[in-house]
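If you check TrEMBL, you get these features:
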type	residues	note
ACT_SITE	SER114	active site, acyl-ester intermediate
ACT_SITE	LYS117	active site, proton acceptor
ACT_SITE	SER172	active site
BINDING	LYS290	substrate binding site
COMPBIAS	422-442	compositional bias 'Basic and acidic residues'
DOMAIN	82-317	domain 'Peptidase S11 D-alanyl-D-alanine carboxypeptidase A N-terminal'
REGION	417-442	region 'Disordered'
SIGNAL	1-41	signal peptide
TRANSMEM	450-470	transmembrane segment
Amino acid sequence: MSSAGSAYDNKNLEEIMKLKRILFCFLAAAILILSPAVVLAEDGDTQEKTEEELAAEAELQEKAASYEAAIDTNGLEGWPQGPNVYADSAVVMDMESGAILYGKNMDAKHYPASITKLLTTLVALENADLADKVKFTEDSISFLQYDDAQIGMKAGEELSLEDALHAVLLASANEVSHAVAESVGEQSLGGDYDTFIRKMNDRAKELGCTNSHWVNPNGLHDDEHYTTAHDMALIASAVYQQDEFRTIMGKLEYKIGPTNLTQEERVFQQNHKMLWPENYYYYEYCTGGKTGYTDQAKTTLVTMADNGNMHLAAVVLYDYGVDAYTDTKAMMDYVFSNFKKVPVESLETSEDIRNFNTEDAYVVLPDGIEFSQLEKNIVLTESGIRDGKVIYTYKGQAVGSAEATLTEEGYQKLMGDTAASDSRKIDNKQEDTPVETPKDKKDEQPRLKLYIGIGAAAVLILLIAGICFGRRKR
């Protein structure tokens, strides 16, 4: 019994050992087969991580270089030194006088991203009523990508313009911006979507924008869609004058009720962090603004602020995430701390100006710079009427402007300058037209002599040939 049991145990042991060898071979084969894939996967992860690290390092270097770039206004003699910012382009402008108080590369062209919607809102408010219907077509929906800001509108749905502009400004809804352009273009401008886009460009030029071009109402990337910090400050100042805009900006959350096609409510919130009291980036003087981002534009931000004394518009373009908020706060604090309004009514002594159209006309100056140091330029605002705009500058930097009524002497002087300018333009056009000059006539004289000489030689040759032929004939 014991020997049989022993034989049985040995047999089981051999089977177990055989099974172990099979499992070992199987595991070894599996390791050999799978290890290249694991190595490749690890190499891929390492490569991807390395690329991410390289991209992060490149951005850090780019940020550092941008932060150290010169602030243009810091180069003005007697001007207080403003803070460095990460944005490639930045400006702070007094919205009422147009004074430029901080500027960094402010006329450089950049992609605006969603801050485009400020101009869209301005054109809509100036040309339509809040009760007007905004209709959504397939064209206003079909272009959307999965990560584009939207509120899920459907083709065939309708909103009031009031609801639509809340979605444009608070939720940054791209499909709503497109639908606003289509509807206002058709119903209010007597055209279509393209009519609205042309109106955007025309209105921007009227505001004094010189380096902007708009091809859509939402700011989604297009190489031909660009602006500058200065131009955006002008647009921000104009839209801020609209009561409806300020009302919308005063809301942190908005609800759109059921529509003709959707029973659910749509609720969305303000995206500008400086407007939220509980947010880390909250700014007590902030009264409005618009955020923007695309891969090509990077972070863009427009911010309006009011400290009870000055109304400012700050713009940063090609910035880096939340750095846009810290940059904006630094610029705003700098201006509020270093500049003050200077009334011009009692200081202006020009005999060309009868009076300013508003008693509170002012320029904005820092301590240490006097009104007497400013230069001014007067331009007519309407031909035939003695109304003009007085533009004040300090070493070429705009520090304010004011509407004024001109004296007869000032008006005639300005009209004379205008006539002289027109005369110079006419003279320039005449210079462009080819006119026969004494030099031209002088140049033609040698040619005339040459032609006469050639003709005389030909006649002489014919005469000689005739004589010779006559002699042979005889």
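Backbone N, Cα and C define each Cβ position, glycine as well.
Remember, TrEMBL labels are computer predictions, not curated facts.
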Do me a favour and check the Cα-Cα span between the residue listed as 'active site, proton acceptor' and SER172 (active site); whole Å is fine. 8
Around SER172 (active site), which residues of its chain at least 6 apart sit with Cβ under 8 Å of its Cβ? SER114, LYS117, ALA149, ASN271, LYS290, THR291, GLY292
Restricting to the domain 'Peptidase S11 D-alanyl-D-alanine carboxypeptidase A N-terminal' (82-317), what is the model's mean pLDDT? 98
Can you tell me the three-state DSSP label for SER114 (active site, acyl-ester intermediate)? helix
In three-state DSSP terms, the structure that LYS290 (substrate binding site) belongs to: strand
